[in-house]
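For reference, Swiss-Prot has these:
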MOD_RES   SER2  N-acetylserine
MOD_RES   SER2  phosphoserine
MOD_RES   SER13  phosphoserine
BINDING   26-33, 58-60, 97-100  ATP binding site
ACT_SITE  GLU98  active site, proton acceptor
BINDING   PHE128, VAL172, GLU173, VAL174, ILE175, GLY176, TYR181  substrate binding site
BINDING   CYS153, CYS156, CYS185, CYS188  Zn(2+) binding site
MOD_RES   SER231  phosphoserine
Amino acid sequence: MSCINLPTVLPGSPSKTRGQIQVILGPMFSGKSTELMRRVRRFQIAQYKCLVIKYAKDTRYSSSFCTHDRNTMEALPACLLRDVAQEALGVAVIGIDEGQFFPDIVEFCEAMANAGKTVIVAALDGTFQRKPFGAILNLVPLAESVVKLTAVCMECFREAAYTKRLGTEKEVEVIGGADKYHSVCRLCYFKKASGQPAGPDNKENCPVPGKPGEAVAARKLFAPQQILQCSPAN
């Protein structure tokens with residue numbers, strides 16, 4: 001006869017889940033959606049009830065949640081997360097793809113985590129101008145887990161942390177794949193895209209106006225000999 005009394009509900013079972021927010025950031029083509037899918041499937045194998053939400057205006061892959069390499073998963077399309085709140089309350093794990101496009105991403109994730117849900121968000125951290133994308137970075141201090149993935153630079157094959165737009169559109173929200181964007185490293189980000197005119201009309205990827213030689217001159221201000229001259233005397 002066993003002397004061990006096990007509880008009816010084990011601590012790790014779905015009915016005893018503790019809310020949390022997991023954030024997966026990175027540029028395009030860094031594997032954010034693939035990682036989101038992997039994490040959700042991991043919970044599905046453990047018999048957790050899961051829901052994936054995708055941005056409704058992204059119609060490239062029909063109504064399914066899809067990675068760039070065409071792996072798919074059933075998803076619920078939405079433009080505002082509050083519109084699918086009732087469906088989200090009925091599951092244990094919520095996956096959100098393209099989180100940067102949802103204006104209510106912060107409030108929704110915090111409310112769901114406080115309700116005991118595990119919320120996994122995949123999102124771009126920056127725009128093609130390397131500025132914060134929507135409200136997504138406001139989710140970072142609320143999250144239990146945050147990772148930033150890198151891609152491979154599509155121009156020089158080094159590590160890529162940024163997204164570079166190939167076209168001339170000015171608006172932030174332009175949905176597309178490799179036909180409109182490249183993942184790039186720091187050096188390639190500032191290179192003029194092929195087909196774009198040089199000069200003041202091509203400012204998207206330019207840090208400061210001026211000639212290329214001026215950047216080199218600026219670096220010389222911080223040459224080792226100058227730094228030594230500014231050091232306090234012993």
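Heads up, the Cβ atoms here are built off N, Cα and C, so glycines get one too.
Known features from Swiss-Prot, placed on the structure.
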residue: GLY26; record: ATP binding site; DSSP (3 states): strand
residue: LYS32; record: ATP binding site; DSSP (3 states): helix
residue: GLN100; record: ATP binding site; DSSP (3 states): helix
residue: CYS153; record: Zn(2+) binding site; DSSP (3 states): coil
residue: GLU173; record: substrate binding site; DSSP (3 states): coil
residue: TYR181; record: substrate binding site; DSSP (3 states): strand
residue: CYS188; record: Zn(2+) binding site; DSSP (3 states): helix
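Using CA atoms as reference points, the binding-site residues MET28, SER30, GLU98, CYS153 were checked against GLU173 (substrate binding site), and the closest is GLU98. Counting every protein chain shown, the Cβ of GLY26 (ATP binding site) has 24 other Cβ atoms within 10 Å. Cα of TYR181 (substrate binding site) to Cα of SER30 (ATP binding site): a span of 12 Å. Here the candidates are the binding-site residues GLY26, ASP58, VAL174. The one whose C-alpha lies nearest to that of CYS153 (Zn(2+) binding site) is GLY26. Counting every protein chain shown, the number of other Cβ atoms lying within 10 Å of the Cβ of CYS153 (Zn(2+) binding site) is 23. Neighbour density at the Cβ, taken as the number of other Cβ atoms within 10 Å, is lowest among the binding-site residues PHE128, TYR181 for TYR181. Counting only residues at least six positions away in the same chain, the Cβ atoms of LYS54, TYR55, ASP58, ALA122, ALA123, LEU124 sit under 8 Å from the Cβ of GLU98 (ATP binding site). Residues CYS153, CYS156, CYS185, CYS188 make up the record's Zn(2+) site, and a Cβ search at 8 Å around their centroid adds MET154, GLU155, PHE157, ARG158, ALA160, VAL184, ARG186, LEU187, TYR189 from the same chain. For the binding-site residues CYS156, CYS188, the greatest number of Cβ atoms within 10 Å around a candidate Cβ is found at CYS188.
Annotation note: PHE128 (substrate binding site) sits in a coil segment as assigned by DSSP.
Counting other C-beta atoms within 10 Å of each candidate's C-beta, the binding-site residues MET28, ASP58 are led by MET28.
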